[in-house]
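Among the features that TrEMBL reports, active site, proton acceptor is placed at Glu431. Feature annotation from TrEMBL assigns FAD binding site to Thr149, Gly188. Annotation comment: TrEMBL describes 26-143 as domain 'Acyl-coenzyme A oxidase N-terminal'. The domain 'Acyl-CoA oxidase C-alpha1' annotation in TrEMBL covers 285-446. Taken from TrEMBL, the feature domain 'Acyl-CoA oxidase C-terminal' covers 485-665.
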Amino acid sequence: MSEITSSIPLQINPDLQEERDKASFNVTELTHIIYGGIEKTKKRKRLEKLLFSDPFFQEYQNVRAFGSRSEYYAASVKKSTKIFKLRRQHKWTDEEYETVLDICHDDLALTLHHTMFIPALERLATEDQKSKWLTLAKQYKIIGTYAQTELGHGTYLQGLETTATYDPQTREFVMNTPTLSAMKWWPGSLGKSSNHALVLATLIISGKKYGMHPFLVQLRSMDDHKVLPGVRVGDIGAKMGGNSVDNGYLILDNVRIPRNNMLMKNAQVSPDGKFVTRGPSKANYATMMLIRVQICTMAYQVVSSGATIGIRYSAVRRQSKLDPQDREPKILEYQTQQYKIFPGLAMSYAFLFASRSLTRKYEEAFAEIQRGDFKSLPELHCLSSGLKSFCSEHSVRQVEIIRQSCGGHGYLNAAGLGMLVNAAAPMITVEGENTVMYLQLARYILKRFAGAMSGQQLDGSTSYLSMDPATYVCPVMSETDCRNLTALCDIYRYRSYMTVCRVARQVQHDMESDMPQHVAINKNLVDLVRAAKAHSYYIVVKDFVEGVDALVASAPVIKVLRTLCCFYAAHGIAEYSGDFLESEAVGLHQLKWIKNLQVSLLGEIRPDAVALVDAFDYHDITLSSALGCYDGNAYERLFKSTENDPMNKEEVHPSYYQYLKPFMEEMNKSKL
Ligand SMILES: CC/C=C\C/C=C\C/C=C\C/C=C\C/C=C\C/C=C\CCCCC(=O)SCCNC(=O)CCNC(=O)[C@H](O)C(C)(C)COP(=O)(O)OP(=O)(O)OC[C@H]1O[C@@H](n2cnc3c(N)ncnc32)[C@H](O)[C@@H]1OP(=O)(O)O
Ligand SMILES: Cc1cc2nc3c(=O)[nH]c(=O)nc-3n(C[C@H](O)[C@H](O)[C@H](O)COP(=O)(O)OP(=O)(O)OC[C@H]3O[C@@H](n4cnc5c(N)ncnc54)[C@H](O)[C@@H]3O)c2cc1C
């Protein structure tokens, strides 16, 4: 027993080293592909070194694990301000700053200032307004948040109740929270951190409503951070996760702001109270679309972090017996373990390619929109809505499966997986609740399908809806065909086509039976969401296949990525086999072959599993997991983590003197 210490061995766990030694490809080459080239990888490493040479970042992990809510928030404010200062000091570009945020894990108290407040100013303010507000925001001379959601409404933006009533006499807007349900509720960094908020409110001029518009409202004094007259603001309470952020409430009572505090890029109110709009009516929704695109990248980071922890731990954990003559095997040897974890590994690479492709499309469309050309907006809105929902839903579910696959230790905070699931879970809700977003996509698909039926030539992500289904023959004719990525992609495309076609016909049939449109739609909502999911799955598989096909890389890297891509597609068909059979995208024979392939691919991925997660190159501090550390010394790190546990500070806990001791004494004296 005396040999047991909590020190961490210097060497890599031999079980993990053995895995690294048998990799079929060069891990560094794949890391460069993931980060966009050698220079970017080097830059990230330099930034990591700079940040983590400061002991604060290690100490922060302890506060996060063991501190009270208030201590965690305070440490997170400190972390945010440290990063802001480093940004100024080192004159980081936006890209370098994004990299730092990725390295730091997204749990900064002031995150909304960067992720929403600044992008909203960039998208919704006029050039004059930008030169004032954006400059101040970028220099951190004001700290802001994006206050849209209310207690009564988050999804239905037309139902927002906060009002901004124009007063032409004083040339001011009067901001009000007329009811309990109108109070802003949820905005991040609102409760305690921000001194300004971009408040989304219904504009009223001379008693007439003009829809939702953005207004910049100062909430707190710039001298002492005290709340300004007419403003009531606070934290909404502890959440399942993300507790470093002060999501807040806000009540405004006749708060007057100058006319120029309405962000007027898309609509203007003249001094005498005339309302003029420019661009499409949804132009003020622009910031949400950006974040939806970013959530796809976050989903990639979440699932790849989970896969890294699950795979490294499974390579060092030994349990039970396979061969009765041999020692206990690594749990990674069990086929069932591979079946739990490898879908998350394959999904990581699928989402890497899908989020990259979506980001590229977003940047192209954004450049067009800046030039006043809005033609790509509907396609981009629907693509980003669908992929945001798909990637968040699948990544959160998969990381929870990985957490379960780590047995009891996966339940410890020190494993990092529970915290990851809880931190990532809101991706499903924020920036448009997933079902609602899938329905936005479904609405678009139905319109495009109707267009195709009436002979329109479609382009973009829905162009396949012009296909003639009669020409479809399942491209998998034999077991070997199942490895053909184009064939697998065609199967997804046809499944999507048939799912869309079926629901479109049903809606049409219901409407032709004299059902009002809204009743017909509501009667088919479940199938509409199914169609949006089938379409999104097809897009992700297509992006993965095209991404791998376009790669310039060594043969071993291409081979391992093709194997993962094949597994990702085969696994999806096996998992949703009912849908694929129902749509006749595959028959029973093909399904059997694809299921067999899926299982045999587990064995092909197995030797490269550790190398494939090493390629994500996550720093131990970023991963924040005793189970997933690079050196594989999971047990030592678990034991070490107990040192910081305040429960272990005293040999005898104060509660003993307060409760247990008197209780024991009473029990011992008792005659019963
Ligand atoms: C190494 C790494 C280690 C670890 C891992 C990494 C990360 C850390 C771990 C975890 C972190 C992960 C997650 C973090 C968690 C939280 C995230 C943090 C911050 C996020 C901030 C969140 C901020 C917010 O939520 S802000 C509020 C967002 N709110 C919404 O999105 C509201 C949703 N509702 C709507 O958008 C609309 O109301 C609606 C679209 C549903 C309907 O609109 P409306 O009522 O106006 O509709 P209609 O009149 O029916 O019109 C519809 C037509 O308009 C078109 N439309 C709609 N929207 C748009 C748009 N944006 N652009 C263009 N067109 C649009 C629509 O298509 C219709 O058109 P049609 O032609 O008429 O059919
Ligand atoms: C961690 C976190 C951070 C957030 N940060 C911010 C922020 O910074 N700023 C901000 O403004 N907001 C923020 N929000 C709020 C967030 O944007 C909303 O919660 C989100 O848009 C969902 O809206 P809701 O809560 O009104 O859900 P609801 O719309 O009430 O959803 C409840 C249920 O109703 C269903 N539903 C609703 N409408 C329909 C429909 N039309 N068809 C079918 N089903 C429907 C949904 O599918 C869901 O199942 C945050 C939320 C969270 C959890």
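Each Cβ is built from the backbone N, Cα and C atoms, and glycine gets one as well.
Between the candidate binding-site residues, Thr149, Gly188, the densest Cβ environment within 10 Å is the one around Gly188. Secondary structure at Glu431 (active site, proton acceptor), as computed by DSSP, is coil. Take the CB of the residue listed as 'active site, proton acceptor' and look out to 10 A: across all protein chains shown you find 23 other CB atoms. In the three-state DSSP assignment, the secondary structure recorded for Gly188 (FAD binding site) is coil. Glu431 (active site, proton acceptor) sits 10 Å from Thr149 (FAD binding site), counting Cα to Cα. DSSP states for the domain 'Acyl-coenzyme A oxidase N-terminal' (26-143), grouped as helix (H, G, I), strand (E, B) and coil, give 94 helix, 0 strand, 24 coil. Mean model confidence of the domain 'Acyl-CoA oxidase C-alpha1' (285-446) amounts to 97 (pLDDT, 0 to 100 scale).
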